[in-house]
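Trainee: Quick paste of what TrEMBL says about this protein:
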DOMAIN    B:66-110  domain 'NADH-Ubiquinone oxidoreductase (complex I) chain 5 N-terminal'
DOMAIN    B:126-402  domain 'NADH:quinone oxidoreductase/Mrp antiporter transmembrane'
DOMAIN    B:606-670  domain 'MrpA C-terminal/MbhD'
DOMAIN    B:681-760  domain 'MrpA C-terminal/MbhE'
DOMAIN    B:790-912  domain 'Na+/H+ antiporter MnhB subunit-related protein'
TRANSMEM  B:38-58  transmembrane segment
TRANSMEM  B:129-150  transmembrane segment
TRANSMEM  B:205-230  transmembrane segment
TRANSMEM  B:270-291  transmembrane segment
TRANSMEM  B:367-388  transmembrane segment
TRANSMEM  B:448-467  transmembrane segment
TRANSMEM  B:564-583  transmembrane segment
TRANSMEM  B:647-665  transmembrane segment
TRANSMEM  B:685-703  transmembrane segment
TRANSMEM  B:746-766  transmembrane segment
TRANSMEM  B:848-873  transmembrane segment
TRANSMEM  B:893-915  transmembrane segment
Amino acid sequence: MEMLVASAIGATTAAGIYLILRLRTFAVVLGMTMLTYAINAFLFTTGRLVVNLPPILQDHAAGGHATYTDPLPQALVLTAIVISFGMTAVVVMMALGSFIEGGDDRINMPDDDYIMPPLKTVDDQKPEDETA
Amino acid sequence: MSPALIALLPFIGALLPGLLIRSGRTVAATACGTTTFVALLGLLLHIPAILRGEVLIARFEWLPLIQLNANFRIDGLSLLFGILILGIGLLIITYARFYLSRQDSIGKFYTYLMLFQGAMMGIVLSDNILLLLVFWELTSLSSFLLIGYWRHLPAGRQGARMALTVTGMGGLAMIAGMLLLGQIAGSYDISDILNAKDAIQASPYYTPALILILIGAFTKSAQFPFHFWLPHAMAAPTPVSAYLHSATMVKAGLFLMARLWPVLAGTEQWFWIVSTTGLITMLLGASIALFKDDLKALLAFSTVSHLGLITMLLGFGTEEAAIAAVFHIINHATFKAALFMTAGIIDHETHTRSIARLGGLRKLMPVTFVIGTVAALSMAGIPPLNGFLSKEMMLYEASHLAVARQGFMIFATLAALFSVAYSLRFIFHVFLGPQRDDYPHQPHDPGFGMWAGPALLVTLVILIGLFPNTLAGWLVDASAAAVTGGHPHAHISLWHGVNAALIMSLIAIAGGAALLSLHKSFQAAWDSAPRPEAKAIFDWLVLRIVFAARGISDNLTNGSMPRALAAFTLATLFAGSVAWYTGRVGPATRPMLPIEPVPLIGWLMVMVATGCMVFFHRIRVLALVLVGVVGLVTSVFFAYFSAPDLALTQISVEVVTVILLLLALHFLPKRTATETSTIHRGWDAFIATLAGIGMGSLCYAMLRRDFAFDPISGYMLENSYALGGGDNVVNVILVDFRGYDTFGEITVLGIAALAIFALTQTLLQGNSAKRLTNWVHDQRRAGDRHPVMLVIATRVILPISLVVGVYMFLRGHNQPGGGFIAGLAVAIGLLMQYMASGYAWAQERQTIPYHALIGAGVVAAGVTGIGAWFNGLPFLTSDFGYFKLPFLEKFELATAMGFDLGVFLCVVGAVMLALNSLSRIARRAGETVNKNPMDINLRDEPKEGAQ
């Protein structure tokens, strides 16, 4: 069983990484969603795989904790799931905004945005600077 | 007055100019002057105690865990520097009021100045080296602001940057050195460190710590080879130069050497590093000063030279040398501040600082002439002024060294000779000589406000020279006692009889005068001689570093996101592999679980879905369906492996996410074109596979091993019921044990939703709004926009889903459920209404704005948390009890429920606000609004049919 879980997480990660390396926003959003699944599942498995022992206390008197699975990764992953929804929502809105505003859904910076001004010497020592 | 308050007062003063500047420059200046004066008074009141040999200490715990405490002390050394900083500060505040013109924003100037003053006071009053480091960095920052105060001047900006770079780098070295020192001494309190001399000097870390600390001190005090920043800092307004370079900033390095003198001094390393650096600096500064044309540059290099002198004395490591060093600190501060202010007056009156254009000012500015001449003569070391006394002491110490005596004697005399020459040059080339008729501005003496400060200082120069023991002896004794840790008594007198020092002094005066008479030919030789220009080297170095940094960052991130992400992935993989192969991994002890049919089916689904995803992701709707498959299997996975809460959360988030992506896809292109080459995709696939293999094998390796340490959740399982009153441990962790995390998390979620709302607002205005209004949908619209079946079904479902939500919420503490899940369930119920019946119809029936819901959620959670305070417990500690109502079973009420309610509201608000925003965009893009509860939009049908 461990093998299945590990390979599924690996496959999901690989698909997620492949998709975030694409050039269009939608593929990247999907890739991030896939990565989210993989990472949440991975974090969850840090509590190891346990079947049929949910961390819902059955008998207060017994008090032993050996019969339950580790609740802490679950609590952390629960918030992570909700937060990743928030993240996906923001990223989707940004993708949508850039598509509506810019007319295409490319993820790379347009070339004319990227070309930086030539690097000057440490300071611009021109006289007109004095009047600035 | 408490030492802490004295250190704090200048910072309070820094706030005043901003508040008072509208009432005028004088009011702002008075306010700053008053706070400075009060602090000075508070310090002076401690004099009797200090003279009795007491050390005043005030302790406040700040971060005791890392031994960073706000401990302050006043001893003789702090007293000396405190008087200099506050006393000269007071004079500078007065002087600046008259010096700065109406165009300069004086409020800002005073704020920077007070900030700087506070940082300096902090350094000299700190009794904790970590606290001292904080103030040390503050002086670097505030001096940056002061030096660059005339930010319209390129020279000012460059000087400020250079000073910040050099002193900032030195500060970094010093942090390392101080940490080492603290580690050796076992404490970061100066009081403790001063008692640990033997341990520190015996430690193998002594030399590295010493070198690192000295780098910090040398950069700050402009010692060779870091001396070059100081002359460039002269681009600052003169009051700044007078303050920073006479009494404060550059003395901070000296202060530090003096402060740590008892534990660091006395070793071979200390002697050779410190005294030779001081000697070289003294000689170099003095010789350069002789040839500088700019009046302030001359003074700047003379400052470098005098700092070298004091450093050398501290390096000697003897008690007498320490006395001489302390005495020269006082003397240098008095005459140098006066000289800087004189230079400022000359600049102010003649509009030039070029010595070549000056001369003959004696008759035109008699008051300035007297002040400048007396101060310069003191700098030259002419009796009976105070500069003579300390220079004599320096020469005496140099002539009584045990080692390398001749070398120090010759070079010290030479430096003194240069010093005489440039001091006389200041007098002769500026004030004496024929009166000229081509000054850029006709000079005359300034108003009283400007010359009062230097006049006072010059009076001190004469009086200390005549009555050294009465006026300065006590201060020298007290501070030298603090430096050496002994009980030194200074015997300062003008006449010691004929000794080596006197002969050296006479040689220096005669030689200096002779040198000045030949100045013209020397200047010509100097100008034509090639020599390294420190600024050019510095600029070249900075430029190289910037180019190198840009080279690296441009190659990693050239505006291409895939490239950056690939670099990130590979770097992570690399770091992970290094960790894996260098770390230790235990044997695989955990047995494998047998494979069951259900997980196998799930596994097949995920593998097929991810595989299809990679191949068909260009067909976006299909890709979305595949994402849904993976999400659903994930929630089954959670359910299967004992995580019911996660399964519920995952499935509801899944629904919401897919709806969100669908709504977005409504606008985006439905297909992706192929844009990359096969090789490119192959490379991407290679990286992705590597990452997948890495993640998968890491996961497998972890699953096969038992916990290396006992998990902390044992505590939570044991105490969930006893302390949190709940059986569902996951929920108790969320709302109680780790409630702070959850509180932060719902806040972040709320912020994300508000960011989406804000993004939508911008999209609904301007260009994008126009585009939206003229939006042409790329797909045929469905005729049946609000199918009757769906409308009916969702309205039946709404009350059910609300009840489910309430049920989930109420049972959450003991059974799978809770605020998150309930919130998502309710949000889905509401969402269905929007989808089935249309945005406008649903929105009309919804009266609470979703932002308010988010706000209410955060407030509810916060208030519940604060409630614990009234119980005398820390924030977010929950309380619970069991109640019995008629007709009902006994039930439990926990304050955690209030917190969970906050979570619930926040989740509902955030989810709804995000999806709501998308609907608003859709409406702008021409989505029609149905008027009736149920409408069948048949109008488009004939059109479509006609085509």
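Glycine too: its Cβ is placed from the backbone N, Cα and C atoms.
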Trainee: Sort the residues of the domain 'MrpA C-terminal/MbhD' (B:606-670) into helix, strand and coil with DSSP and give the three counts.
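Mentor: Residue counts for the domain 'MrpA C-terminal/MbhD' (B:606-670) by secondary structure: 54 helix, 1 strand, 10 coil.
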Trainee: As a test of reading the model: what is the averaged pLDDT for the domain 'MrpA C-terminal/MbhE' (B:681-760)?
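Mentor: Across the residues of the domain 'MrpA C-terminal/MbhE' (B:681-760) the model's pLDDT averages 89 on the 0 to 100 scale.
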Trainee: For the domain 'NADH-Ubiquinone oxidoreductase (complex I) chain 5 N-terminal' (B:66-110), what are the DSSP-based totals of helix, strand and coil residues?
Mentor: 30 helix, 4 strand, 11 coil
Trainee: Counting only CB pairs under 8 A, let me know which of B:66-110, B:126-402, B:790-912 has the most with the domain 'MrpA C-terminal/MbhE' (B:681-760).
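Mentor: When the Cβ pairs under 8 Å are tallied, B:790-912 comes out ahead.
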Trainee: Same-chain Cβ contacts of the transmembrane segment (B:564-583) under 8 Å, 6 or more residues past its ends?
Mentor: 556-557, 684, 687, 690-691, 694, 698
Trainee: Name the range, of those listed as B:129-150, B:270-291, B:647-665, B:848-873, that has the largest tally of Cβ pairs under 8 Å with the transmembrane segment (B:893-915).
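Mentor: So the stretch in question is B:848-873.
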Trainee: The transmembrane segment (B:448-467): which same-chain residues, six or more beyond its ends, come within Cβ distance under 8 Å?
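Mentor: Distal contacts: 88, 91-92, 94-95, 97-99, 330-331, 334-335, 337-338, 341-342, 345, 348, 367-368, 370-371, 374-375, 378, 383-389, 494.
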Trainee: What is the number of residues in the domain 'MrpA C-terminal/MbhE' (B:681-760) that are helix, strand and coil, as DSSP sees it?
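Mentor: Tallying H, G and I as helix, E and B as strand, the rest coil: 66 helix, 1 strand, 13 coil.
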Trainee: Using DSSP, how many residues in the domain 'Na+/H+ antiporter MnhB subunit-related protein' (B:790-912) fall into helix, strand and coil?
Mentor: 85 helix, 8 strand, 30 coil
